[in-house]
Amino acid sequence: MKLANILISISMDSFFIVVADLAKEIGSMEEKDQSGLRHECGVFGAVACGDWPTSLDVAQIVCLGLVALQHRGQESAGIVTSEGKCAKNFNVYKGMGMINNIFDDDAVRNLRGNLGIGHTRYSTSAASDEVNCQPFVVHTAHGVMAVAHNGELINCESLRKDVLSRGVGLSTHSDSELITQALCLNPPEGEVNGPDWPARIRHLMQLAPLSYSLVIMMKDKIYAVRDPYGNRPLCIGKIVPVTLGSKTANVDDLDAEGWVVSSESCGFLSIGARYVREVEPGEIVELSRHGIRQIDIVERPENKKQAFCIFEYVYFARSDSFFEGQMVYSVRLQCGRQLAREAPVDADIVSSVPESGTAAAHGYARESGLHFAEVLCKNRYVGRTFIQPSTRLRQLGVAKKFGALTENVAGKKLILIDDSIVRGNTIGPIIKLLRDAGALEVHIRIASPPLLYPCYMGINIPTREELIANRMDAVALARHVGADSLEYLSVEGLVKAVRSNLKSTQSEDQIGHCTACLTGEYPGGLPEELSW
């Protein structure tokens, strides 16, 4: 059954979604997949400026934006567009799998519009089923609305009970659909002359402070929303005329052909856009044909700091993305430098597990004065090993994923840098591969602290029992995987590296990063401790 066959009915300001053959489609919902370290998703939106219909191919821009965010989700994707004239219908196309396999020329051509939003997904709070594909589209008494969400609500159950108690039907276990439906709740101050969508968004943010970045599309505008803690990333870009070529004019001086909003800035240049700024924590930004404007900012509690996910720097984001005024690659380079200061070792060369540890390895090499050399050759046509369903397949996956550059390895004492260790299944076979290639010594250095705790804010981190750092210290783990030594970057070192060149708009006393998976200190407390 395709999502296009989902029947949607609305009663007044409450949204009732009735899915044909729903029991058949989601009756066998799986439990949350805990099989690996995975990010939930990426969101993207675009709106053309000036006269409509626009000459910009908005659907193509959104599709390319999602391709740039493919690393954030590979289970499903969807695009919704609007021509900006009719409040009754959007153009919708969704599917399971990789973006290039979902959106062919015909699909993109049929997504006519002057504005649109898109989503690429990994599942955390709901199963990997087509019914959970985003963006979610609902018809309200005041017109159609589409919502795409990155993150995970930490008070999902209490909010679900609240929404259900008001007579709203839910067709999935997705907290993203819950957000969509919660927007139907009238704000406490009431409304005059139709719905006050900014007030509704603000009400949602007060009900659910963590964790989300949202793109919400109405008939002729898009709202970009980031939770008050700034836990999930979201940034804004300006589409500029392509005739500018390589000119380096200030982005503020360039004419805007359109505006985009994205989980990361990495795809902006490829679609002719320039990075402008981040959406601030708690900010609601409106994007329309007239430009962008700030609608409101929902403040955090007075004693709470910003809590941007520090693992975006370590692992999830593409290295050419910008967060907090700095490029992710530069932060990873700095992590390697800090790691060299904390955990030096006598060796001949420094290398990395490509591509994840390469930036940190260059930083380690520069700080230590050692030569950097590649020692592993990666097969580009093999998927990430943590997606494999069993330990045995993950271990076998290493053999088909890497080859050893024997001439760089034989007779050498080498330092191998990686960005993180989750279960420890991958690093052992890599070490064996290098020893078989003639390495005399293999010293493992990890450019992040040990993962010790699960995440409740949109990252699918395994249970504490599955995280190998909870079972073995660095010495025992080195022995277990066959390394001559193994050391991690400290939490203090990671924070220092992240903040060394930070250019945040937050005040000094409000700058903060979520280190919950490393320290167990959750910015909003544990979910069972919350009462809203």
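Count begins at 1; order follows the chain as displayed.
Backbone N, Cα and C define each Cβ position, glycine as well.
Feature annotation from TrEMBL assigns signal peptide to 1-20. As annotated by TrEMBL, active site, nucleophile applies to Cys41. Per TrEMBL, the feature domain 'Glutamine amidotransferase type-2' maps to 41-290. The [4Fe-4S] cluster binding site annotation in TrEMBL covers Cys309, Cys455, Cys514, Cys517. According to TrEMBL, the Mg(2+) binding site annotation covers Ser356, Asp418, Asp419.
A gap of 18 Å separates the Cα atoms of Asp418 (Mg(2+) binding site) and Cys517 ([4Fe-4S] cluster binding site). In this structure, the C-alpha atom of Ser356 (Mg(2+) binding site) lies 21 angstrom from that of Cys514 ([4Fe-4S] cluster binding site).
Other residues of the chain with a Cβ within 8 Å of the Cβ centroid of Ser356, Asp418, Asp419, the Mg(2+) site, are Tyr315, Ser352, Val353, Gly357, Ala360, Ile417, Ser420, Ile446, Ala447. Asp419 (Mg(2+) binding site) is 18 Å away from Cys455 ([4Fe-4S] cluster binding site) when you measure Cα to Cα. Counting every protein chain shown, the Cβ of Cys517 ([4Fe-4S] cluster binding site) has 26 other Cβ atoms within 10 Å. Taking all protein chains in view, 28 other C-beta atoms sit within 10 angstroms of the C-beta of Cys514 ([4Fe-4S] cluster binding site). Counting only the Cα atoms, the space from Asp419 (Mg(2+) binding site) to Cys514 ([4Fe-4S] cluster binding site) is about 17 angstrom. Counting Cβ atoms from all protein chains shown, Asp418 (Mg(2+) binding site) has 21 others lying within 10 Å of its own Cβ.
Note: the CA-CA distance between Cys517 ([4Fe-4S] cluster binding site) and Cys41 (active site, nucleophile) rounds to 18 Å. Apart from Cys309, Cys455, Cys514, Cys517, the residues listed for [4Fe-4S] cluster, the same chain places the Cβ atoms of Asn231, Ile310, Phe311, Met457, Ile459, Ile461, Thr515, Ala516 within 8 Å of the centroid of those Cβ atoms. Per-residue confidence over the domain 'Glutamine amidotransferase type-2' (41-290) averages out at a pLDDT of 90. The CA atom of Cys41 (active site, nucleophile) is located 18 Å away from the CA atom of Cys514 ([4Fe-4S] cluster binding site). In sequence order, Asn231, Arg232, Pro233, Phe316, Met457, Gly458, Ile459, His513, Cys514 are the residues near Cys309 ([4Fe-4S] cluster binding site), counting only same-chain partners six or more apart with C-beta under 8 A. Of all the recorded positions listed here (Cys41, Cys455), it is Cys455 whose C-beta has the fewest other C-beta atoms within 10 angstroms.
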